[in-house]
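Look at Swiss-Prot and you will find Gly7, Ile8, Asp9, Gly10, Val11, Gly12, Lys13, Thr14 tagged as ATP binding site, backed by sequence analysis.
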Amino acid sequence: MYIVLEGIDGVGKTTQTEKLKEWLEKRGFSVKTIVEPTDSDIGKIIREELLKPEATSDTNQQMLALLFAADRLTLKDEINQVKNNQQKILISDRSFYSSITYQNSTTIEPEWIYKINKHTPRPDLTIILDIDEDEALKRCDKIDTFENKEFLEKTRENYLKLVKTEKNIVKIDATPTEDVVQDEIRNQIIKYLKL
């Protein structure tokens, strides 16, 4: 099974991914976590590009969307191996939905992002952790190119659109404590896996 945690920067994806992994392992599942961008050579280029001030320009967003699509293909075999195995779970901190929400601008249509990610495995379940932009900014350890209120607001709106248009996506309010949010994530996993 391939589970993805999504949401704007500062929402707590990394913390919740770690907590979910521990819980699933205690329940007898074999669990691996991954993060986007990956540690591949392509992922390293992406990380460097994300740090540049011009990273949010439309041209750079187009380039990043292509790089992310290529980076995701480095995970394709690994994801496909666990997708049909109920005892193995792969939890990803981000997926191609991040490209749809982050690289979505006036010059980049979501349809193009879907097209360049055509060969990327789709998650079995995506959980969008949702908080408002002000709370996200308070939680961010450091401010980077993508962590400004206007950009986070637009990105959050794009995530909320996905909840309405895509299958197997649920939204969880990430405002409460980490433990309350984790309980809600577990409830969604229990419901999906019919545990």
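In case you wondered, yes, glycine gets a Cβ from its N, Cα and C as well.
Surrounding the centroid of the Cβ atoms of Gly7, Ile8, Asp9, Gly10, Val11, Gly12, Lys13, Thr14, where the record places ATP, the chain contributes additional residues within 8 Å, namely Leu129, Ile131, Ala136, Arg139, Ala174.
Minimal Cβ crowding within 10 Å, among the binding-site residues Gly7, Gly10, Gly12, is found at Gly12. Taking a C-beta cut-off of under 8 angstroms and a sequence separation of 6 or more, Lys13 (ATP binding site) has the following same-chain neighbours: Leu5, Glu6, Gly7, Asp93, Arg94, Leu129. In this structure, Thr14 (ATP binding site) is part of a helix by DSSP.
Using a 10 Å radius centred on the Cβ of Val11 (ATP binding site) and all shown protein chains, the other Cβ atoms total 26.
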